[in-house]
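Chemist: Let me give you the structure first, and then I'll get to my questions.
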Amino acid sequence: MTTDTKRRLGVEIIVVLAISLGQSAVYAMLSIWEKLTREVPLAQQVTRMNTSRTPDRPWLDFAYQVAGTIFPLMPAVLVLYLLWVHLRPEGGPFGAMGFDFRKPGKDLAWGFGIFAVIGVAGLAFYLFALNVGINTNVQPANLTAAWWTVPILVGRAFMNGILEEVVMIGYLFTRWAQRGGNMLAIIFISALIRGTYHLYQGWGGFFGNLVMGLVFGWLYLRIKRVMPLVIVHILLDLFAFLGAGLLVYLPFAPGS
């Protein structure tokens with residue numbers, strides 16, 4: 001690969017991150033800065049996700065939520081398109097990163113297995129971070145109760161899983177390898193960005209997702225498939241969005 005082509009790929013990576021999760025990382029840094037400069041301690045603050053826009057007008061709120069589920073997926077669509085039209089990897093964009101249904105059994109087995117480990121560890125770390133004062137109280141589901149509430153939350157879980165893993169793992173690792181970059185370096189770079197765009201939750205969100213990013217990066221280089229990681233991410237978000245109300249029954253949980 002020529003130096004000019006490497007440079008073009010580097011610019012492409014920067015632009016993709018700047019309009020997607022890299023941009024989210026910048027806003028997350030501003031968010032934690034704002035939270036840390038309040039008079040209220042971090043652990044006493046609340047971070048609300050998946051909130052209603054017009055709770056008094058359910059159908060309009062539903063339209064907002066659908067738009068907020070579809071359009072954030074566009075960076076994932078964009079990177080798949082870029083991999084298709086420019087320096088297409090062997091197997092095409094889907095096959096190269098393992099974002100397909102060729103191995104459903106293995107993908108599900110890996111996905112549920114990793115979820116069982118990361119889910120328990122992540123929940124324990126969140127409660128620890130909250131109790132030692134380095135994280136906000138995250139409330140992941142704040143939609144007005146309606147017939148579409150659960151479907152929207154499920155859609156958000158799928159959106160997050162596809163967006164983050166396709167962009168931060170599948171695309172980023174593929175392009176980095178094409179440039180001849182050190183793969184150990186991209187594991188740390190990807191994990192650092194992942195942790196940073198979760199900073200809005202607090203330092204617990206940062207460190208927890210940093211570690212998860214390191215694990216996901218290492219696993220991807222081992223199994224060469226992003227689909228199991230998408231499955232894990234979807235399961236984690238489904239548990240968070242739909243099972244958040246059960247946390248009050250756990251020891252050391254907020255409100256327990």
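Here the Cβ of each residue, glycine as well, is placed from N, Cα and C on the backbone.
Grabbed the feature section from TrEMBL, which reads as follows:
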- 147-238: domain 'CAAX prenyl protease 2/Lysostaphin resistance protein A-like' (DOMAIN)
- 12-33: transmembrane segment (TRANSMEM)
- 62-87: transmembrane segment (TRANSMEM)
- 108-128: transmembrane segment (TRANSMEM)
- 148-173: transmembrane segment (TRANSMEM)
- 180-197: transmembrane segment (TRANSMEM)
- 203-221: transmembrane segment (TRANSMEM)
- 228-252: transmembrane segment (TRANSMEM)
Chemist: Under an 8 Å Cβ to Cβ limit, what residues of the same chain, 6 or more beyond the ends of the transmembrane segment (62-87), are close to it?
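Modeler: Here the qualifying positions are 5, 9, 12, 16, 19-21, 52-54, 93-94, 96, 99, 143, 146, 148, 152, 155-156, 159, 162-163, 166-167, 170-171, 174-175, 178.
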Chemist: By DSSP, how many residues in the domain 'CAAX prenyl protease 2/Lysostaphin resistance protein A-like' (147-238) are helix, how many strand, and how many coil?
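Modeler: Tallied per class, the domain 'CAAX prenyl protease 2/Lysostaphin resistance protein A-like' (147-238) gives 80 helix, 1 strand, 11 coil.
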Chemist: Please indicate, using numbers and ranges, the residues of the same chain that are 6 or more beyond the transmembrane segment (148-173) and have a C-beta under 8 Å from a C-beta there.
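Modeler: For the transmembrane segment (148-173), the far contacts come to 13, 16, 20-21, 50, 62, 65-66, 68-70, 72-73, 75-76, 79-80, 82-83, 97-99, 141, 183, 186, 189-190, 193-194, 213, 216-217, 220-221, 226, 229-234, 237-238, 241-242.
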Chemist: Check the domain 'CAAX prenyl protease 2/Lysostaphin resistance protein A-like' (147-238) for me and report the mean pLDDT.
Modeler: 98
Chemist: Using Cβ atoms and a strict cutoff of less than 8 Å, what residues sit near the transmembrane segment (203-221) while being 6 or more residues removed from its termini?
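Modeler: Tertiary neighbours of the transmembrane segment (203-221) are 32, 42, 110, 114, 118, 122, 125-126, 128-130, 134-135, 138, 165, 168-170, 173, 183, 186-188, 190-196, 228-229, 232.
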Chemist: What else in the chain is close to the transmembrane segment (12-33), if you only count residues 6 or more beyond its ends and a Cβ gap under 8 Å?
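Modeler: Non-local partners: 75, 78-79, 82, 86, 163-164, 167-168, 171-172, 175-176, 193-194, 196-200, 202-203, 206.
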